[in-house]
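As written in Swiss-Prot, here are the features:
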type	residues	note
ACT_SITE	LYS151	active site, N6-AMP-lysine intermediate
BINDING	GLU203	divalent metal cation 1 binding site
BINDING	GLU291	divalent metal cation 2 binding site
SITE	ASN153	site 'Important for the catalytic efficiency'
SITE	LEU211	site 'Important for the catalytic efficiency'
SITE	LEU402	site 'Important for the catalytic efficiency'
SITE	GLN403	site 'Important for the catalytic efficiency'
Amino acid sequence: MLSQFPGQCSNNVFCFPPIESETKNGKKASWIICVQVMQHNTILPITDEMFSTDVKDAVAEIFTKFFVEEGAVRISKTTRVTEGKNLGKKNATTVVHQAFKDALSKYNRHARQKRGAHTNRGMIPPMLVKYFNIIPKTFFEEETDPIVHGKRNGVRAVACQQGDGSILLYSRTEKEFLGLDNIKKELKQLYLFIDVRVYLDGELYLHRKPLQWIAGQANAKADSSELHFYVFDCFWSDQLQMPSNKRQQLLTNIFKQKEDLTFIHQVENFSVKNEDEALRLKTQFIKEGYEGAIVRNANGPYEPGYNNYHSPHLAKLKPLLDAEFILVDYTQGKKGKDLGAILWVCELPNKKRFVVTPKHLTYADRYALFQKLTPALFKKHLYGKELTVEYAELSPKTGIPLQARAVGFREPINVLEII
């Protein structure tokens, strides 16, 4: 239970993270709220057992510390907690548990005041997946097993509470969702019981509904929505290095604070010891109607997707789709080693074009092909041919295949013999 509260113990005293502000003179001020457990004038070590069973003759004390840069530390009078609440009921608390809940409430209230009614946190882009249908071996070389959960084919969303107490719900591209009041209402209730600084990362989703329908619901400005918010991660802007397994523990504790939510859910996690176990879970998730699976490096930090950065601590597993498309042109890559390497250009029935990477050609072959293939040779031997393309999914906005790779031509063609 101790791990559900932000902060840490030092010399048997638990201190919440400092809440910092600036004085009128421009100096940094810090406010810290602490909890200690006393028994006959002795400070006891705080244990998880104290959250379920009272210690004889023990009382909990709450106090605050305040200091300004280069100034002395001022310590408040202690507030003593001598008994829990709701005794005899299912939601009864012990002395220690009640003291921590009281301290968290004061901590959150102070944090809101110091942020100010008009001070809003910036949007932090969510962490993006780097690996597709590949699980790095390093994931299994850590002390803690990788984490796997079902991949829902929904709309990515991040939630946080603003300085005025309102809920900000925004997309992967940092666009605010203006509707979804059903979800925001429950988020506001949840934030009454948890650290107000935490960001919740997940997907807007309704099971077995197509992505296009979900996207339409997510972007609607209407107050009502059928969508649910499935949360699979959490993070703090000043603690991005916190490992994934620790974040998952905190996320579980967050959802324990309010268990009567209807539209917000924690995504279930599974630990795996090898790739075969991860692949079996992926197969099971697909049978249940999900898109596939996400694999997380248990010790990986939270790496925001600034500038479309894709984190090497995430992998996505999902079945590939394939179809035939008409080849109409060719081009080259735009940067790095892809510059000068041939790419195929295919066309959809609606005349929209998209680029396809040859899957079975080496870079040396792709360089040679782009250098030697002329428009005349292309028109004579390749234009209008059906190209088999495997891809992850169709874009809900354009219908274009995403992560498209050319497997080969429907009729046997050796493109290297053309040049």
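Placed from the backbone N, Cα and C atoms, the Cβ positions cover glycine too.
In this structure the C-alpha atoms belonging to GLN403 (site 'Important for the catalytic efficiency') and GLU291 (divalent metal cation 2 binding site) are separated by 16 Å. Within 10 Å (C-alpha to C-alpha) of GLU291 (divalent metal cation 2 binding site) lie the following recorded positions from LYS151, ASN153, GLU203, LEU402: LYS151, ASN153.
Annotation: ASN153 are the recorded sites among ASN153, LEU211, LEU402 whose CA atoms are within 10 angstroms of the CA of GLU203 (divalent metal cation 1 binding site). Fewest other C-beta atoms within 10 angstroms, among the recorded sites LEU211, LEU402, are seen around LEU402. Here the recorded sites are ASN153, GLN403; the one with the fewest Cβ atoms within 10 Å of its Cβ is GLN403.
The secondary structure of GLU291 (divalent metal cation 2 binding site), as reduced to three states from DSSP, is coil rather than helix or strand. A gap of 6 Å separates the Cα atoms of ASN153 (site 'Important for the catalytic efficiency') and LEU211 (site 'Important for the catalytic efficiency').
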